[in-house]
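Structure first, commentary second.
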């Protein structure tokens, strides 16, 4: 399938991932309250760290390697099985760490059954081989499977979670809703992997360890500013602060999914272009990807700043008022992370992941230092400031790195035009907010007004990406 088709399915999968939490999070937030939500996310942060160590950079590394060898059935079989064996072994080591944490960490022993339920993430990730389907660019299957699992898990949530005592059931939902679909992946793997073509003596799983370890080192430092904010909040300020932070950052991350869905598609395609030595197509695809994420992410960041009171009230409830300022602080990271995601995919596809470790260290040190200074005084807002500055520093570092390998830059007429349009859009939305509409009405009025103003400014300036979309729509209408 083409990049556009793959992106359509990836975007559909992402949008469904946005819509389902919109339905479920307000329900759960009002039942479990900030303390319950905070405890689940605190435990999930610990599990995610263990999962990261058990994964050892394999998911990202494997996508690239499968994309490079997918045209050779025998080689693809060998690479896939070797990586699966390595991942399984590392997952067993991960469960040893789970046991040690469960026996020694007092905060975990407060609700040990919940922690153990959430640890099932490790098992599902190992057997799922999601990286294989992404490397094969089988995004249609990933999307259909994801929709089925999400619908089943949401039904499970509404049936099981009725009051604050149902925290364990919410833990089950958190596992099934995220990685439960990996069970389907495991069974479907037989469609691709021809085990009869493999000989045991030809398998060398450990040859993938060092290359994956390079990506793992980057993941370690990156995860510090992606997840340590939640862990530090839990230890320094308690579950309630984590709950407020989760309410704010959850909506921010949901919107980031719209642009990150493109990056999921980019890595296998860019990796294949590098192998085929298609330099011009590589540059063209990377340029279009950057233009796209800036066009989409910039207005989303501004919209989130203006609409934060409405979104927090509707999706979290009146008890989450402290989340409003946190959401406004973190809103710009939608743009920063979206740009960084695209640049990282290009660097990975070139096999230059080593140099990005320094970039990750810059972001991690920035985040940790600011968190230690600000969290004790400003709680969730302090963590938000740390995350914002860390992501900005990382984006700037990636921009300098990519200039060594590509002529790509974000400092273009397109970027300036988008920022100008966003400024006008933000001014109009601020004016709308002065009318003091109900939160429910604001939820519909503000996106319509903001989208119309933004599109109008880009249209008057004849922005190429918008004109391309208009041409595609006209062609579809003519065909019908």
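Backbone N, Cα and C atoms are what each Cβ position is placed from, and that goes for glycine too.
For 7-28 (among others), the entry in TrEMBL reads transmembrane segment.
Only residues 6 or more beyond the boundaries of the transmembrane segment (40-63), in the same chain, are considered here, and those with a CB under 8 A from a CB of the stretch are 32, 80, 83, 86-87, 90-91, 93-94, 97-98, 101, 105, 107-108, 111, 114-115, 118-119, 121-122, 125-126, 130-132, 134-135, 167, 170-171, 174, 208-209, 211-220, 223, 227, 230-231, 234, 239, 242-243, 246, 267-268, 271, 348. Marked as transmembrane segment by TrEMBL: 40-63 (among others).
What TrEMBL records for 84-106 (among others) is transmembrane segment. Same-chain residues lying 6+ beyond the ends of the transmembrane segment (84-106) with a Cβ under 8 Å from its Cβ atoms: 46-47, 50-51, 53-56, 58, 112, 115-116, 119, 122-123, 125-126, 129, 203, 205-206, 208-209, 212.
Annotation source TrEMBL lists transmembrane segment at 112-133 (among others).
Feature annotation from TrEMBL assigns transmembrane segment to 142-161 (among others).
Long-range Cβ contacts of the transmembrane segment (208-228) within its own chain (Cβ-Cβ under 8 Å, at least 6 residues beyond either end) map to 45, 48-49, 52-53, 55-58, 60-62, 65, 79, 82-83, 86, 348, 353-354, 356-357, 360-361, 363-364, 366-368, 371, 386-387, 390-391, 394. According to TrEMBL, the transmembrane segment annotation covers 208-228 (among others).
What TrEMBL lists as transmembrane segment is 248-268 (among others).
The transmembrane segment annotation in TrEMBL covers 320-343 (among others). Residues of the same chain lying 6 or more positions beyond the ends of the transmembrane segment (320-343) and with a Cβ under 8 Å from any Cβ of it are 29, 34, 243-245, 247-249, 251-252, 255-256, 259-260, 262-263, 266, 286, 289-290, 293-294, 296-298, 300-302, 304-305, 308-309, 311-312, 379-381, 383-385, 387-388, 391-392, 394-395, 398-399, 401-402, 410.
A Cβ distance under 8 Å defines the sequence-distant neighbours of the transmembrane segment (355-376), meaning residues of its chain 6+ beyond its ends; these are 214, 217-218, 220-222, 224-225, 228-229, 232-233, 236-237, 344, 347, 382-383, 385-387, 389-391, 393-394, 397-398, 401. Look at TrEMBL and you will find 355-376 (among others) tagged as transmembrane segment.
Here the transmembrane segment (382-402) has Cβ contacts under 8 Å with residues 222, 225, 229-230, 232-233, 245, 248-249, 325-326, 329-330, 332-333, 336-337, 339-340, 343-344, 346-347, 355-356, 358-360, 362-364, 366-371, 373-376, 408-410 of the same chain, all six or more residues outside its ends. What TrEMBL lists as transmembrane segment is 382-402 (among others).
Here TrEMBL flags 414-435 (among others) as transmembrane segment. Remote same-chain residues near the transmembrane segment (414-435) are listed as 291, 294-295, 298-299, 301-303, 305-307, 442, 445-446, 449-450, 453-454, 457-458, 461, 463-465 (criterion: CB distance under 8 Å, separation of at least six residues from the stretch ends).
Among the features that TrEMBL reports, transmembrane segment is placed at 441-461 (among others). Within the same chain, residues 295, 299, 302-303, 306-307, 310-311, 314, 417-418, 420-422, 424-425, 428-429, 432-433 sit at least 6 positions outside the transmembrane segment (441-461) and bring their C-beta atoms closer than 8 Å to a C-beta of that stretch.
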